[in-house]
Amino acid sequence: MQDRTLTAEVTPGDEITVAGWVHEIRDLGGIAFLILRDRSGKIQIKFEKDEMNDEIVQTGLDVPRESVISITGVADDEPRAPTDVEIVPTAIEVLSSADTELPLDPSGKVNADLSTRLDNRTLDLRKKEVKAVFQIRSEVLRAARDAFRELGCTEINTPKIVATGTEGGTELFPITYFGEEAFMNQSPQLFKQLMIGSGLERVFEIGPIFRAEEHNTPRHLNEATSIDFESAFINHAEAMDACEYVVTAAYQGVAENCITELETLGLRDGFSVPDESFPRISYQEAIERINATGELDEQLVWGDDLPTDGERALGADVGSHYFITDWPSEIKPFYIKDHDDDKTLSTGFDMMHPQMELVSGGQREHRYEHLVSGFEQQGLDPEQFDYYTKMFRYGMPPHAGWGLGGERLVMTMLGLENIREAVLFPRDRQRLSP
């Protein structure tokens, strides 16, 4: 429809054609109003029954809500209309008629549970609050991409079907690949590192990851979006600097470019961009501060992973984004480098929101012999990862990086109760369709 005008661009006095969904119809007797909705907003269509063609009136008032229609008419000033403008139609066409009974109410007047919403995601997205979440998500990814480019990164796309898992273990989805066993990739980690050895030096990727985790919680998914960064010739502290930069840029992009969406969600007044200097807390300090809160039934000891309740207790204590550094080597992956002066401490770090972990990263082990030793210490066969390890014999620079959960970033940024609200079509233990 080349002659179509968006509702937000309608100017009084013009004869225009608008098209969209029937949001609401109000019949007041001699006069009736239809509210038309498109991606830019809404506009009022006025039907004066005694002064208009009967066919136009009947078509406009009999069409079911959420049908798709096209209307041609003259736009007039009308201060009482929702947008101060209304259209008096001279022609109307029903492009697609909707069922009279819908599985949920896109106007939002009748609430639906999350399962019903996800079963009917297309209808759900017609609600302005839901659409706002995904417009903000789009801005988060755009801002992250721009930030990576400002850091001198090259965008890459790594395989999602692999012969071996990044970290081994059971959190893998097996598939049959032309008669051979293969897996859906749980992380682009190993391929990112290969790109460091290629000479690209600094790369990023925004793409899907797959984890066959049994978790069924409001913050876990089995298919998620990972925002990944890897750079040569930096250490773990400089990788944390880059993490702060990208996360802050995402918030800044939303603050500058999503004012309407934040207003729709009731978040504009309270939305703030974090300072680009997150506190850095050692693992030892973290467990001491968690224990001091008294929130856990049992005290944490060195070598324990941090439970969800512990993360929340520490987050409430810190009150902002922060890093946990200097984790025990024994609980970090084989590719994370240890500190040179203390082999019991890794250079691994996690970046936390007060509610949950967002980022995992660290300096990588770039020395071939140490890398192979790390495989063996974690019970992995280095021969199965030969495509990866052999490149470390050909000249691999020191490097560091991280991976950021895209959905978790949006979830925590907007205060969503369930991570599935930040995904168009979530994949979890119960949901494979739509």
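A Cβ is built for glycine as well, from the same backbone N, Cα and C atoms used for every other residue.
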Region 'Aspartate' per Swiss-Prot, picked from 93-96, 189-192, 201-204, 257-260, is residues 189-192
Swiss-Prot records Arg211, Ala212, Glu213, Arg219, His220, Leu221, Gly405, Gly406, Glu407, Arg408 as ATP-binding residues. Which of Glu263, Glu276, Glu357, Glu365 is assigned to the same site?
Glu357
For Pro82 (site 'Important for tRNA non-discrimination'), the one of Arg211, Glu357, Ser360, Arg364 that lies nearest, given that the binding-site residues are compared by Cα
Glu357
Counting only other Cβ atoms and using a 10 Å cut-off, which of the binding-site residues Glu357, Ser360 scores lowest?
Glu357
Three-state composition of the region 'Aspartate' (189-192), taking helix and strand from DSSP
4 helix, 0 strand, 0 coil
When pLDDT is averaged across the region 'Aspartate' (189-192), the result is 96
Distance between Arg364 (L-aspartate binding site) and Glu357 (Mg(2+) 3 binding site) at the Cα atoms, whole Å?
20
